[in-house]
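What Swiss-Prot records for SER113, ILE114, LEU115, PRO116 is (6S)-5,6,7,8-tetrahydrofolate binding site, and it gives sequence analysis as the kind of evidence.
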Amino acid sequence: MSQSLRIVFAGTPDFAARHLAALLSSEHEIIAVYTQPDRPAGRGKKLTASPVKTLALEHNVPVYQPENFKSDESKQQLAALNADLMVVVAYGLLLPKVVLDTPKLGCINVHGSILPRWRGAAPIQRSIWAGDSETGVTIMQMDVGLDTGDMLKIATLPIEASDTSASMYDKLAELGPQALLECLQEIAQGTAVAVKQDDALANYAHKLSKEEARINWNDEAAHIERCIRAFNPWPMSHFEVAENSIKVWQARVETRAVTQTPGTIIQADKSGIYVATGQDVLVLESLQIPGKKALPVQDILNARADWFSVGSQLS
């Protein structure tokens with residue numbers, strides 16, 4: 001059994017809460033949790049606690065929610081905890097050097113990609129968007145740069161042809177906690193090995209935007225199909241037809257030469273809506289029209305065949 005560490009955990013969404021749950025079941029002592037301040041959520045815009053806060057309170061772990069770490073009070077508060085280590089998972093706040101240096105062993109971060117391939121805010125989405133064959137989690141020693149710290153552990157898994165950001169999120173939320181526990185054991189035993197990142201291999205995973213999710217039919221069908229999976233569940237790839245914005249939940253690529261203008265419907269039946277692109281054909285299989293849930297194309301055509309007639313132009 002490895003030595004028990006006094007750990008401060010910092011995180012906010014469900015992805016982080018799954019890591020906290022693993023720590024709470026481990027031999028380590030979780031002495032405090034930091035999470036984002038409660039935010040308005042839902043139709044009523046009621047102040048809502050983060051998943052991490054909810055879990056911490058269920059286990060009677062003290063919770064701190066500073067807006068930032070600029071005040072002396074917030075820095076002194078952290079120092080008074082006398083932590084061995086801070087574990088950071090999708091916290092959402094930048095940590096200044098004084099915070100990184102406060103725990104005896106510094107701060108480590110669980111990042112949702114194989115570093116240095118995708119640094120930044122949207123590594124899961126960008127790995128699918130780019131057509132990567134694998135992804136994973138990297139646990140790194142944090143420094144003042146953005147995901148630039150020395151790597152302590154990498155765990156990988158393949159990206160399947162059907163994976164969306166939603167499915168990869170769930171897979172990494174299972175992979176990450178196990179890798180974290182293994183890394184903590186090595187840190188506690190003094191056997192952890194830090195490996196520097198090769199900055200020449202780094203890419204920045206920019207945040208997604210609704211504008212980016214609008215389908216450009218001039219792109220290759222393979223790229224559009226990857227975007228559809230990368231932008232699921234947010235912001236959802238979409239196009240316009242008959243002055244309606246249509247979300248695309250599922251599509252496939254059919255390799256064949258096309259002569260029609262990109263965005264032109266060349267076939268529409270129960271097997272799919274076939275759309276010309278800059279290269280090959282994109283076959284739409286599941287769509288969501290305004291005010292409705294996502295449906296197979298066959299059902300969409302039963303209700304709105306006039307929107308998707310052969311020769312119609314999608315924009």
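Positions of Cβ are set from backbone N, Cα and C atoms, glycine also.
Packing around SER113 ((6S)-5,6,7,8-tetrahydrofolate binding site) is summarised by its Cβ count: 24 other Cβ atoms lie within 10 angstroms of its Cβ, all protein chains included. Summary of the (6S)-5,6,7,8-tetrahydrofolate site environment: with the site residues SER113, ILE114, LEU115, PRO116 set aside, the chain residues having Cβ atoms within 8 Å of the Cβ mean position are HIS111, ARG117, TRP118, ARG119, PRO123, GLY136, THR138, ASP147, MET151, ILE154, GLN197, ALA202. Counting other Cβ atoms within 10 Å of each Cβ, the binding-site residues ILE114, LEU115 show the lowest value at ILE114.
Non-local neighbourhood of PRO116 ((6S)-5,6,7,8-tetrahydrofolate binding site): ASP147, THR148, GLN197, ASP198, ASP199, LEU201, ALA202, ASN203, each in the same chain, at least six residues away, with C-beta under 8 Å from its C-beta.
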